[in-house]
Amino acid sequence: MNTSDHPAPAAYDVIVVGGGHAGCEAAAAAARTGAITALVTHQAATIGEMSCNPAIGGIGKGHLVREIDALDGLMGRAIDQACIHFKMLNRSKGPAVRGPRAQADRKLYKKAVQDILHTTPHLSIIEGSVEDLITSSGTQQTVQGVILQDGRHLSASAVVLTTGTFLRGVIHCGEQRSEAGRVGEAPSIGLAKRLDALNLRMGRLKTGTPPRIDRRSIAWEDLPEDRGENPPTPFSTLNHHIDLPQISCRISETTADTHQIIRDNLHRSAVYGGMLSGKGPRYCPSIEDKVVRFPDKTRHQVFLEPEGLDDFTVYPNGISTSLPAEVQEALLHSMPGLHNAVIIRPGYAVEYDFVDPRSLRPSLELKELPGLFLAGQINGTTGYEEAGAQGLMAGLNAARKAQGLDSVTLDRSQAYIGVLIDDLTTHGVTEPYRMFTSRSEFRLTLRADNADRRLTRWGRQAGCVSDERWKTFAAYDQAMNDALTLAAQDTRTPVQLQQVGITVRQDGRRRPLLSLIGSDPEQDQKLNQAFPWLHDLDPRVREQLEIEGAYSGYLSRQDKERRVLQQEDTILLSDHIDYSAIGGLSAEIRDKLQSLRPTSLGAASRMEGMTPAALAAISHFVRRKQCFT
């Protein structure tokens, strides 16, 4: 791999701008296809930085990480090399909504990401600030490369922008304001102006981070312990165990004094003082938002999460803030265990530009400028996992475009990645978008535990899955198929089942194992006696067999719904349809269709305000006129 201090070719297939989570996945995915790829970033040393919380996964988010891993992405492998505290959220609930979450040693996570990138063939890393795009001349412009601040021109067939919070980024800490995408790092102004010139729909969003605390100043013994699961469960199917020591967190909480300090200083908050206008994430509110929105709540939990095994920095999860530094210190000192807390770095809010994701095709290519792909917070999302998922798909499609291949997409029935991109490109955002399992209509099928069975074969065909990944998956997939076949064919009579303590109706009908397994943990143990071959199964295969058995009836129903969705999504709509020529459409629907230009009948059906009658009229029109792309 070429680095910034080695000679690099002037021409690439794909250039990725930005070294955050979206950029790393995009660059690696493009390179895995064989595309000659360059990752351009301000500082190579910050590649893979965890800018906010030191954790990966969670409810919905953990599903995305498993899907990224199934497509041979970086995130799952990196967190397995950095995990110091693991929990399976919602473990007491059904497998469909369980969310793996791991806290990371920040330094080890960043090192793991950089190590993977440094050993990825076809990938170069270039230090520099991209200030402009190179485009072709003519009426239908296409991207042809980028221009760096120092004057260098890099040509490429496709470019992926993953600018994160750097696009005209401004940091706020109380009354203090500084132009930056991250503390101490300059924002991207030139690219923002370039996007302005394309007349795209754009807006401002914000996110925030809490103050970091010196671990040595916390009274740990006064606080309840929050233990993780040990042994932790790996995210990546390439890993069987995690070797790092596991540590506990501690739990503090806000008090009545904390809330009064916040109320007394709301006017000094960047958000409530009117110093920024961007909308923040609904599901990750600042402590100011919590106090204002929930005035009857007397306390809010704060999880004290160490940022590393040999790091004195602690991340107080739950008190993101843009209050002045001295107010942050006062509110910390009003909380149990933190009376003497020393702030290493104050919290702050960052406001940045984003592009309305309805300007994108499902491939994440910009409709207005072919060859330019966007991924991550520039599309209005929040979170490492959402960024990484978009980055992988954008990098894959950018590479395919450079190679003269058609784009590939995942639909809502295939993956949470498909749900994410469909929500963005169909509905747009009014606030930072975060993934939840509740956003999917097919969550019984789209589980974190079966991501590889859903996606690795698809990824292999698309060109982003390596030989190593494929070999590992193929062996597991064969074992799983063999177990499912045997479980469907191997039967026992009611009498045989009764002999091992399993009660079923005595109707003489033989029961296959698949109809019995997974419904009752105690019964599953008895099944070992009736079906001795279960003892020899790999633990993961056994677990999957139990889940498939428990969900078998529901899965068949979801499969029918999936086929209906896929049928609508295969009817593609041309960019050149004249919706004014379609009778039976209201003015509101016609205007939305003309503006948003949905790429398929399925996407049109999910537009706000769409009616069955209008959808039928569009379907009839395109079938009659054969207006397919």
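Each residue, glycine too, has its Cβ placed from N, Cα and C.
Copied over from Swiss-Prot:
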- Gly18, Gly19, Gly20, His21, Ala22, Gly23, Val130, Ser188, Gln377: FAD binding site (BINDING)
- 280-294: NAD(+) binding site (BINDING)
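Shown on the structure are the features that Swiss-Prot records.
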{"residue": "Gly20", "record": "FAD binding site", "DSSP (3 states)": "coil"}
{"residue": "Val130", "record": "FAD binding site", "DSSP (3 states)": "strand"}
{"residue": "Gly280", "record": "NAD(+) binding site", "DSSP (3 states)": "coil"}
{"residue": "Glu288", "record": "NAD(+) binding site", "DSSP (3 states)": "helix"}
{"residue": "Phe294", "record": "NAD(+) binding site", "DSSP (3 states)": "coil"}
{"residue": "Gln377", "record": "FAD binding site", "DSSP (3 states)": "helix"}
Greatest CA-CA distance (Å) over the residues Gly18, Gly19, Gly20, His21, Ala22, Gly23, Val130, Ser188, Gln377 that the record ties to FAD? 18
Distance from Val130 (FAD binding site) back to Arg282 (NAD(+) binding site), taken between C-alpha atoms, in Å: 31
Looking at the binding-site residues Gly18, Gly20, Gly280, the one with the fewest other Cβ atoms inside 10 Å is Gly280
If you skip the near sequence neighbours and keep only those at least six away, which residues in the chain come within under 8 angstroms of Val130 (FAD binding site), Cβ to Cβ? Val17, Val40, Val146, Ile147, Leu148, Gln149, Ser188, Gly190, Leu191
Within a 10 Å radius around the Cβ, which one of these binding-site residues has the most neighbouring Cβ atoms: Ala22, Cys284? Ala22
Binding-site residues compared (Arg282, Lys290) - highest count of Cβ atoms within 10 Å: Lys290
C-alpha of Gly20 (FAD binding site) to C-alpha of Cys284 (NAD(+) binding site): distance in Å? 20
Near Ser286 (NAD(+) binding site), which residues of its chain come within a Cβ-Cβ distance under 8 Å, counting only those 6 or more away in sequence? Gly208, Ser269, Val271, Gly280, Ser320, Thr321, Ser322, Ala349
Using a 10 Å cut-off on Cβ-Cβ distances across all protein chains shown, tell me which of the binding-site residues (Glu288, Val292, Phe294, Gln377) has the largest neighbour count. Gln377
To the nearest Å, how far is the Cα of Gln377 (FAD binding site) from the Cα of Glu288 (NAD(+) binding site)? 23
Distance [Cα-Cα, Å, rounded] between Glu288 (NAD(+) binding site) and Gly18 (FAD binding site): 31
Report, in whole Å, the straight Cα-to-Cα distance of Ala22 (FAD binding site) from Cys284 (NAD(+) binding site). 20
Say you check the Cα of Gly18 (FAD binding site) against those of the binding-site residues Lys290, Val292, Phe294; which is nearest? Lys290
